[in-house]
Structure formats: C-alpha cells, structure tokens
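Copied from TrEMBL, the annotated features are:
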| type | residues | note |
| --- | --- | --- |
| SIGNAL | 1-27 | signal peptide |
| TRANSMEM | 257-279 | transmembrane segment |
| TRANSMEM | 320-348 | transmembrane segment |
| TRANSMEM | 354-372 | transmembrane segment |
| TRANSMEM | 393-416 | transmembrane segment |
| TRANSMEM | 428-451 | transmembrane segment |
| TRANSMEM | 474-503 | transmembrane segment |
| TRANSMEM | 509-534 | transmembrane segment |
| TRANSMEM | 546-569 | transmembrane segment |
| TRANSMEM | 581-605 | transmembrane segment |
C-alpha cells in the first residue's frame, strides 16, 4: 500500500514538473521576424487593419468609415493565404509619425458627416466595433484594467461609446510608443510597445480640444468633426524578443492553470483504474483460455474467445469507416505537426495568418497519411482494386468537399453583408488548386503505397458463416455506449476549449500551445483507453460488431463539443444578426466534425491493436 502511494506521489510530482515546463513553454516563442532598428526622426509607419466586433463577427475595412485618408491614396499590403482567409485588410494611414518626435494635439482632417455616414458610425458604435492598428507589426492595445501592478490589454480600441441614448465618437487618439535601445549591441531604436488612448473631444473655435476634461463629441451634434492625434515616446526596459508578452497575458490565468492540473489528475486516476481493470481481467481470461478445458468446461465456455472466428469480420458500411479513419489520420497528422511548430515558436503572433496557413498546407501534405491509412484498412476488409479506388476517391473528396461547401456558403453570406471578411474568389480558386493539384494526388499516392503492401497479418481466421449474436442488454447498445464513451474525451478538452473559443469569437490572443499540446496527449490516451474498454466489454457479451463501436465511442465526444458551443453562444456571446449566427454554428459544425474524425480514428486504431493483441495471446483450437 505504501509502495503504491509512493508511486502515485512520484507520478504527481512528475506531472506537475512537466506541466510547469509546458506552462513556461507556452509563453516562449521565436519572434520569427528580424528586429528593425529605427534612427532618430526616421518615419514610423502606422498601418490600419479591419474593424472587428464580437457582436457581429463581421469585419469591415477601416476606410468603410469616413476616417482621414492618406494623401497619396490608399494602398493595400500584400497578404498571405491565412490573412486572406481571416479577412485581414492591412492598409496605409494618414498618420505622420517620426521616431522620438513628440506630437501634441495635431489635427489630421476635418469631416462634415452626412446622415448616411453618421448612421454608419452609429451602427458601428452600437455593435462595439474595434479599430485595429499596427506599428512595426505590433497591434495597437488599449490598457483597460489594472491587477496589482500589472495592466491588462485589449486588442484595438472602440470606435466610440454609446451612453444615455447618445453616441460619442472617438475622434482623438494619444499614441504611446515604447522603444528600447542598447548601444552596446546595436545602433538605433527598437519599438517594443504600442498603446492607444482614445478620446471623444468636441472642437473649440475650430481647433481640437486636448485638455484634461474635454467635452465629449456627440455624433448627432451639428458642425464639423476634427480628427486629431498626439504622439508620445516612452523608453522601455523590455527587450524586442519579449515585446509580445503583454499581449499574450490572458485573463484568468490562475483559473486556467488549476483547471488544467485538476483535469490532469482526474484523468490520470481514471486511466489508472481502466488500465487496472482491463489488465487484471484480461490476465485472468487469457490464463483461463490457455488452460486445457474439461468436456463440461468446453460446453459452458463463454466470453470473448467464442467470437474469435468473427472478430475480424468486415463491418457494415466498411468503405465509409475506412474513409472516416483515413480523413481522421490526415487531420491528426496536421494537428500534431502544427502543435510541434507552435510550441517551438515558429508560428509567432507577429506572423499574422501563419497558423491558419500552416494548418491548411499541412492538411494538404498529410493527404499521404490519410490515403495510406485508408488503403491499409481497406485491405483488412478484403477490399479489391475497385473498392480501393472508391475508398481513395471518397477519402480525397468527401470531407474536404464538405468543408469547402460549408465554407463557400458561409462566404456567400459574408459577401452579402459587404464585409471585408469575405474571401475573394481568386483566393477560393487558389484553395481549389491546392486541393485538386496537391492534396488529391498525395492522397492517391499514399493509398497506392498502402495498397501495395501486404495485408495486415491477423491472429485468427474469419469463419464463412457468421455466428449468432446473443440478445444484448439495453445499456450495451451502440447509442448508449457511444454517448457514455464520449464524456471522458470531452472532459479532457473542456477547459482548453473555453479559451480557444474565447480566442476565436471574442478576439482574444491565444498562445498557450504548451498547454494545448499536453491536452492533445491526454485526449489521445483517453480516447484509446475508453475505446479499448468499451470494445472489450462488447466482446465479452459475444458481440463481435466492435468496429463502429470503437470509432463512435470516442467520436461521440464531438456531440458534447457542439452542445457546449450552443451553451457558450447563449451565455458568453451577444450575437443577434442572422448571418453572424449562421457563421458561428457553421464554423462550430466544422470544428465538431474535425474533432469527431480525430478522436474516432484514435479510438479505432487503438482498439484494432488491442484486439489483435488479445486474440494473438490465446490458443485457438
């Protein structure tokens, strides 16, 4: 007993140590961009990005509102595939900023707004749209709350504020740019911080009012609106490589930490109990089955050994199962490699759109793994050349086609709203080229390599005549076992899912890839164990139809993910526009399907190895 307690204590200490390392790793990244040294009075470019709102989820271009435009005309920056997919629209601005030059209350332009323009501003303020700017690839941040001695930052700043039935426009901004210098290592100055303090101020005698308590600018008031700005420079001890730390500090970090640790400990003990039950029971079963039975014992023999002649029988809809597993392996490979690069820091937040772009490229490349896995499983089911070709075609087109169809429909909805988030048709064509020109050939190549290999060696032969299956208890039905099995994988990912969804739908920064990697490991182990346990329990009832059970036992966790998305929508979000609702549930449906394929694939492949192992360890007459 004491030995067992000491062993568990060592596991807990090891777990805490690993989690601590991952926590530190989540805050570490390789900047990915070479630092730029500015010289005194050198021009510092301020670029504008899309206007975003957590209420509508529909981004719009900065100049869709009548802000001051640059004299030389608006110029769009070159964007990568990930930026185009997320609706980024980076453009130049009219702000004149030079390094270390302080600017005090300078007017940029004067606007006389008509009714239509005022209505645009009013709607944007009502929907809590945020203005997003960038300087030296650093997003503008608004300091909004102090906890102890640290401040929390909000990405961007509000277009304006509604109050008492009136709408106050932020027409003046104070730009506080932080710089770092180290003459011993480099010449010049590096920008390490970009804070914005927006204000609403009514002009006095045709000049901007930058006093301590200016009169707020009522959008409905008559008269011209003066857009003005001030620039301040603050020396900072923060090094260039650490300048993103302030942005990556997430609220509720302690809650996140303890919730993750709590989930780890619970799942560790659950996994230990499942493993103990299976190992002790299996050891007794195998020892019993390998003994020479008497005549009476042979007549009364029950359990999973009796179905040895049917355990590898081809399941119903075997082609669909192979496609599900092949697609799941493709997505699992994409997820693992993406997380490895993210933990190592190669997907820096300074590279906007790099995460989404990397995932899409890796999904394309992992078509090899998907095709190979589906072909190998097809051969287990004695698939001939015709079935192999059909399986490969479905693997290449079924789920990519489903995802593309949903995405295309959602994009049409965004385009109908004239949002900048609508992906251009040129980008859609590029996606089709990537799919048909790269992904499909790689799927066929992987399938060809898998089909060329010898059939997986199975420990027992399959009888020609199927064995009769005894009547099963209601709680051993496929639906009940699947719903029960999906609870544990969902419990493992629940905490991290909250932070991921907050990043997606509340526009918060997410960079805890160390934690996410740990969660992925837990999910893999949990899916494998729960599928193996339910497969074993089903075989002990002499029901050999375990293939779909092994897949759905873990894949059903996606049902809980989608149900949680409904709960999150009703408790955390304030979306009421019909297009925004369709966008939310459309993308959450895609995420849920992806989660189902990944977890189901892990469960089925783990159960396959388990079944091969137990039937290979007993004597078959």
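Every residue gets a Cβ built from N, Cα and C, even glycine.
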Worksheet, complete the sentence: Among 393-416, 428-451, 509-534, 546-569, 581-605, the stretch with the most Cβ pairs under 8 Å to the transmembrane segment (474-503) is 546-569
Worksheet item: Counting Cβ pairs under 8 Å that are 6 or more apart in sequence, does the total for the transmembrane segment (546-569) and the transmembrane segment (354-372) reach three or more?
Response: no
Item to complete: Residue list, the transmembrane segment (354-372) vs rest of chain: Cβ under 8 Å, 6 or more residues beyond ends.
Response: 32, 80-82, 85-86, 326-327, 329-331, 333-334, 337-338, 341-342, 347-348, 392, 395-396, 431, 434-435, 438-440, 442-450
Discussion item. At a Cβ cut-off of 8 Å, and with pairs 6 or more apart in sequence only, do we get at least 3 pairs between the transmembrane segment (509-534) and the transmembrane segment (320-348), yes or no?
Written reply: yes
Worksheet item: Who are the long-range neighbours of the transmembrane segment (393-416) in its own chain, taking Cβ under 8 Å and residues 6 or more past its ends?
Response: 58, 87, 319-320, 322-323, 326-327, 367, 370-371, 374, 422-423, 428, 431-432, 435, 439-440, 443-444, 447, 579, 582-583, 586-587, 589-590, 593, 597
